[in-house]
Each structure stands twice: as C-alpha cells, then as structure tokens.
Amino acid sequence: MAAGGLSRSERKAAERVRRLREEQQRERLRQVSRILRKAATERSAEEGRLLAESEDLVTELQGRSRRREGLKRRQEEVCDDPEELQRKVRELASAVRNAKYLVVYTGAGISTAASIPDYRGPNGVWTLLQKGRSVSAADLSEAEPTLTHMSITRLHEQKLVQHVVSQNCDGLHLRSGLPRSAMSELHGNMYIEVCTACTPNREYVRVFDVTERTALHRHQTGRTCHKCGGQLRDTIVHFGERGTLGQPLNWEAATEAASKADTILCLGSSLKVLKKYPHLWCMTKPPSRRPKLYIVNLQWTPKDDWAALKLHGKCDDVMQLLMDELGLEIPRYSRWQDPIFSLATPLRAGEEGSHSRKSLCRSREEPGPGDRGAPLSSAPILGGWFGRGCTKRTKRKKVT
C-alpha cells in the first residue's frame, strides 16, 4: 500500500458506500417523482414532509418536466388562422417588393406536397421511426416540382429573388426551371454524378437517382467518366459529412448571396442544420446590418426569435397567397419542358444495367431508358440518399 493511500479492501468498501448512496438517491428521486404526479390534495402528510425535505430534487424534477413540455411544444405543428395568415402574407409581400437582395433558404417542407417525406415533422421519417412505425415513400422519380418550387422560379424570373440556398437533394429546384447559377444545393442533387479526376470536375446529369449504391463515405456510383475513365461519384452530403464539391453545392455563391442579402426568406426548413452554417447568417455583422429574416414553417425553429416575421402555414398555401398578393401567375410544371431532359447525359452502351432506379420520362406512359420496372406506388425506403437518411435513426436501435 502506498504511503497515505488506501488498501484494496478500503477502496472496495468506499466504492460500496458510494454505490449505496447513489441507489438511495435514485430511489428517493423515484419517490419524489411519484408524489409530484399526484394532485396536491391527494398527497398524504408524510408525502408532504418528504417533498419539503427534498427541495433540490423537486426543483430538478420540475425543471425536467418543463423541458420535456417545451420540447413537445416545439414538435407540434401550429397553423395561423386564415385572417392572421393573410395579414402576415401582406407583410411578407411588402418585404419581398422592397427587398434589394432577397435570398430564399429551402428545406424538406417545400417537397412534402410532392410526396417526399421530411425527417422531423409529425409524419416525418425520424418521428415515425422513433414511434416504432414502418416508413415508406412514393417512388421519388414520380415527384414533381410543387407550387412552391414553381413560385420561387417565377420570383427569380421577376428579379424579386436573387439566389436560392437549398438543403434538399431531390433535384426539384433544377427541374422547376431555376437556373443552376441561381441556386446552391448544399447537400447535393440525386440526379447529378461527377468525375473528380477531371479538372474542372466533369458533371453528368442523369434522369434517374444516381445514389442507389452509395452511402456515408462511400460515394462511387459504379459508372465511369466518358473522358478520362475515372470513377464517378454522387454529390450527396450525408449527415456527418462535410461537402467539398464545387457544384452543385455552390457554397461560394451561397456565401456571397448571404453577405449581400438584406432579406432572407426561409421556407419549410427546421433550420436545425442550417443554423450551424455561420456564413449564411452574417452573425459577425452588427444586428442593425443583418438581413431581415422571414420564416414559413409549421413547427418551431431555432431562428424564430431572430425573425422579423414567422408565418405558421404550409409552404404551398403561403406561396399561393403571396403570389396572389404580388399579382404574379404561378407557372404550371410541365414534364415536356422539364430542363433535366436537355441537361442529361445519356448512358453509354453497356451502362444500361448500371442502375435499377426508375428513370424520368417526358410522358408517364413512356418507359425510361435502362428501366427495370421499378414500382410506381409507395414502397419501403431502400438505400439511396433518402434511405441513408432513414438509417441514421434506425441504427440507434438494437435489434433483439
């Protein structure tokens, strides 16, 4: 035994005492918790004394309860009543008209109307998985740009929106006709694969989801570059990764747009990820010089307290009202005019079997090149960029 130290038996005895005290504390915590769940009128005199003797535990448990309730409220969807929403839209329309440089940030909420589930909403993928429910999604190739996507494109055409920064990988901004120079797809695009061996990187736009075989830190798609023969990779930025590609992420343009913006409109984003990108919020500027923030979302966001206006409504509903207020017609999406068909690089001979995803086609009846008859209806989510997002949560659960 070292001088001044404890013997092995003394250390064991001290450890037993420590564990006993911890167990006694846990039991007392359980007792206090059970008592607090009772109405004050139903508590016995002995229970009242126990609460009085356990002020610290009572304070701790009440704090936990308040935090749980706060988190629950944040997850709830709230809708403004029609009159309130209309009033807010008029205020938003005034901001859009008067903005010198308006940037739009978009999230999964603008694509739910296209049957692409979000992650965090009440019917979102992670929410359902946490409840132990199965998750399915319609074939993503069946998704089409929503009213919100088409409205944003029209606003850009009218020079009311200067740039769009999107978290979505679904390619619907591209397919709505928004110029690629006017958008930054921070987390990639499911229709684009690139050759990083070429300088500058060579892009291949496809008419199918290129992410079928890719995953976190494993981005090769199995196809090769037509010029140098190098392996092609997808452009998706998975949870836990840092995007390094120039396009379609276009971080340089996103950062420049944010620095110029005097107004930012956030549509359908929880902002839980975007808030971590400081360059998008100009927080180094004094408050008076930061862009005014307008948020459209049904749930709480961490930027609500910074917003000049928060609109609780579905994106399509708000954008319909906004476009009416601005006197602008919303263009209809047409598959025949979808830009992806003119941008796409066809597969070479021998590459037709390199994927099993359903290809986009100008007519719904027309089979896409290289198709293997993927189902059109809802099906369990398997692989690809969306499926990988789902497994982020399912892997946390142990299968017994």
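Heads up, the Cβ atoms here are built off N, Cα and C, so glycines get one too.
Values in this document were obtained by computation on a predicted structure and should not be read as measured data.
Long-range contacts of the region 'Disordered' (1-28) within the same chain, counting only residues at least 6 positions beyond its ends with a Cβ under 8 Å from a Cβ of the stretch, are 54, 57. Here Swiss-Prot flags 1-28 (among others) as region 'Disordered'.
What Swiss-Prot lists as compositional bias 'Basic and acidic residues' is 8-28.
What Swiss-Prot lists as domain 'Deacetylase sirtuin-type' is 82-329, and the listing cites sequence analysis.
In this structure, SER115 (NAD(+) binding site) belongs to neither helix nor strand by DSSP; it is coil. The NAD(+) binding site annotation in Swiss-Prot covers 107-126, 167-170, 268-270, 297-299, CYS315, and the record cites similarity to another entry as its basis.
What Swiss-Prot records for CYS195, CYS198, CYS225, CYS228 is Zn(2+) binding site. Of all Cβ atoms in the shown protein chains, 18 besides its own fall within 10 Å of the Cβ of CYS225 (Zn(2+) binding site). In the three-state DSSP scheme, CYS225 (Zn(2+) binding site) falls into the coil class.
The region 'Disordered' annotation in Swiss-Prot covers 354-380 (among others).
Look at Swiss-Prot and you will find ARG388 tagged as asymmetric dimethylarginine, backed by similarity to another entry.
Swiss-Prot lists ARG388 with the feature omega-N-methylarginine.
Most Cβ neighbours within 10 Å among the binding-site residues SER111, SER115, GLN167: this distinction goes to SER111. When the binding-site residues CYS195, CYS228, LEU298 are compared by the number of other C-beta atoms lying within 10 angstroms of their own C-beta, CYS228 comes out lowest. The record gives CYS195, CYS198, CYS225, CYS228 for Zn(2+). Within 8 Å of the mean position of their Cβ atoms, the other Cβ atoms in that chain belong to THR196, ALA197, ASN201, ARG202, THR224, HIS226, LYS227, GLY229, GLY230, LEU232. Counting only the Cα atoms, the space from GLY268 (NAD(+) binding site) to CYS198 (Zn(2+) binding site) is about 36 angstrom. Look at the binding-site residues GLY107, CYS198, GLY268 and count other Cβ atoms within 10 Å of each Cβ; CYS198 has the fewest.
When the binding-site residues GLY107, SER111, SER115, GLN167 are compared by Cα distance to CYS198 (Zn(2+) binding site), the shortest distance belongs to GLN167.
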